[in-house]
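Chemist: One structure follows; several queries about it will come next.
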């Protein structure tokens, strides 16, 4: 039987391999930012978070949560999402943390299917755009936008080494309690 250290090393190796293999394109969006995927402090928390993001095809959604405490349910329509309905589920993920790559444009609807978490606000609707927005410092925009306000700090930026380290710290925070229970 493998020890906790072996499980931790194996898990960390798998996470690192997946990050470096898939980090060349797209932006990583941590759902809920610093709070991760958990009971929302208010019913509009995740809607407010999503409203500040530019999410495009090729981006990845990172749901940081503990397995067995939370999950992710995807439904195909706004009506099912608004009703927190478990009818006609498109996808379900139960082993956190979860990374979902966005391969199609259009609306995506996610919520937690545990207890009354969805009804209490643990749900997020995302609109995936077709292409990544152009960066403000590109040559095409430099001449035309001399007076533009480039201080939009809420826009997502491509993943960097620092972003990956932050992600790994988040993974460790989510997984460490689970590893200690093995």
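Including glycine, each Cβ sits where the backbone N, Cα and C put it.
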Chemist: When you get a sec, could you say which of 132-155, 156-179 is annotated region 'Disordered' by TrEMBL?
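Modeler: Going through 132-155, 156-179 one by one, TrEMBL flags 132-155 as region 'Disordered'.
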Chemist: Across the domain 'Phytocyanin' (27-130), what are the DSSP residue counts per state (helix, strand, coil)?
Modeler: 15 helix, 34 strand, 55 coil
